[in-house]
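Colleague: The following block contains the structure, expressed as structure tokens.
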Amino acid sequence: MTPTPWLVVPAAGQGKRMGADRPKQYLDLAGEPLLRHTLRRLHAAFPEARCVICLDDDDRWFRNAWMPFAHWQRVSGGAERMDSVLNGLHAMAADANDPVLVHDVARPCVMPNDLQALYQATLESASGALLAMPVADTMKRDNGDGASFRTECRDGLWHALTPQGFRHGLLLRALTQAQRSGALVTDEASAIEALGLAPRLVSARRDNIKVTHPGDLGLAAAILSAQAGEIHKAESGHEIALAATRS
Ligand SMILES: Nc1ccn([C@@H]2O[C@H](COP(=O)(O)OP(=O)(O)OP(=O)(O)O)[C@@H](O)[C@H]2O)c(=O)n1
Ligand SMILES: C[C@](O)(CO)[C@H](O)COP(=O)(O)O
């Protein structure tokens, strides 16, 4: 039987690059706070999951009514994303072998197929897994003088996305070690790599963007709108399949 995943949703960021009057997770996206879209996508894929949401202690925007999960808890965010995630891992009553998926609240466009593929890989891979996509642009590195650049080889380069999934005990060990060493890891997979392990890359759709800069909000709205038909079709197909198994 497939186990139910734990979900950690880091949502304690300030959205400095967005530069809005509130953290970006509370900005309007297609008529609702961005955070609600993300939680709904996760809930649709994993309705029975236990969700831990990391929120800043001074957060005055979050509403309990927005949480679609029956089993959920709120934990304090930390100074950095990795500290928030670690707080979540400490707070959950998980066994070492339980699967945990970590998903940025700032990625509201993640699609059901990618969530399922990532979860399957998490269960299969001893080192965990992450959604990722191959770099498609020519890569430049500035020489530090603000004027000249050189071209980097892009062979084998991937963008790391979320969710990223691991067994609870492994991720707790990896992030604890990263925190103690003072290393600033920007995703969970980096902490696992520092243990000498290689999380599996799961090739993902390109529309699972992280809303980071002001223009990203309009882009996310366009993506959600373009995805609506696809999701509707998938849901209808699921219902037809369910009806067929009942008749
Ligand atoms: N101390 C922190 C920092 C970030 N996050 C979360 O980690 C995710 C990815 O971070 P990012 O996109 O950098 O969000 P912000 O930190 O809000 O953005 P910025 O760096 O522009 O301030 C977001 O869902 C954010 O809420 C968190 O839980 N705790
Ligand atoms: C976790 C992440 O979204 C993977 O791409 C990313 O590393 C978060 O980075 P940020 O600088 O904290 O936005």
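Using N, Cα and C of the backbone, Cβ positions are placed for all residues, glycine too.
These figures come from a predicted structure and were not determined experimentally.
Copied straight from TrEMBL:
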- ARG17: site 'Transition state stabilizer' (SITE)
- LYS24: site 'Transition state stabilizer' (SITE)
- ARG154: site 'Positions MEP for the nucleophilic attack' (SITE)
- LYS210: site 'Positions MEP for the nucleophilic attack' (SITE)
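Help me picture where these features are in the structure shown.
Modeller: All protein chains considered, the CB of ARG17 (site 'Transition state stabilizer') has 13 other CB atoms within 10 Å.
There are 27 other CB atoms within 10 A of the CB of LYS24 (site 'Transition state stabilizer'), with all protein chains counted.
For ARG154 (site 'Positions MEP for the nucleophilic attack'), the number of other Cβ atoms no farther than 10 Å from its own Cβ, over all displayed protein chains, is 13.
A C-beta separation below 8 Å, combined with a sequence spacing of at least six in one chain, links LYS210 (site 'Positions MEP for the nucleophilic attack') to ASP104, ALA106, ARG107, LEU161, ASP216.
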Colleague: In three-state terms from DSSP, label LYS210 (site 'Positions MEP for the nucleophilic attack') for me.
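Modeller: In three-state terms, LYS210 (site 'Positions MEP for the nucleophilic attack') counts as coil.
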Colleague: Sort ARG154 (site 'Positions MEP for the nucleophilic attack') into helix, strand or coil using the DSSP assignment.
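Modeller: Assignment for ARG154 (site 'Positions MEP for the nucleophilic attack') reads coil.
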Colleague: Using a 6 Å cut-off on Cβ distance, which of the recorded sites ARG17, LYS24, ARG154, LYS210 come close to any atom of ligand 2?
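Modeller: Those recorded sites that pass the cut-off, since their Cβ is under 6 Å from ligand 2, are LYS210.
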Colleague: Work out how many Å separate ARG17 (site 'Transition state stabilizer') and LYS24 (site 'Transition state stabilizer') at their Cα atoms, rounded off.
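Modeller: If we compare the Cα positions of ARG17 (site 'Transition state stabilizer') and LYS24 (site 'Transition state stabilizer'), the gap is 9 Å.
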Colleague: Please report the Cα separation of LYS24 (site 'Transition state stabilizer') and ARG154 (site 'Positions MEP for the nucleophilic attack') in Å, rounded to an integer.
Modeller: 31
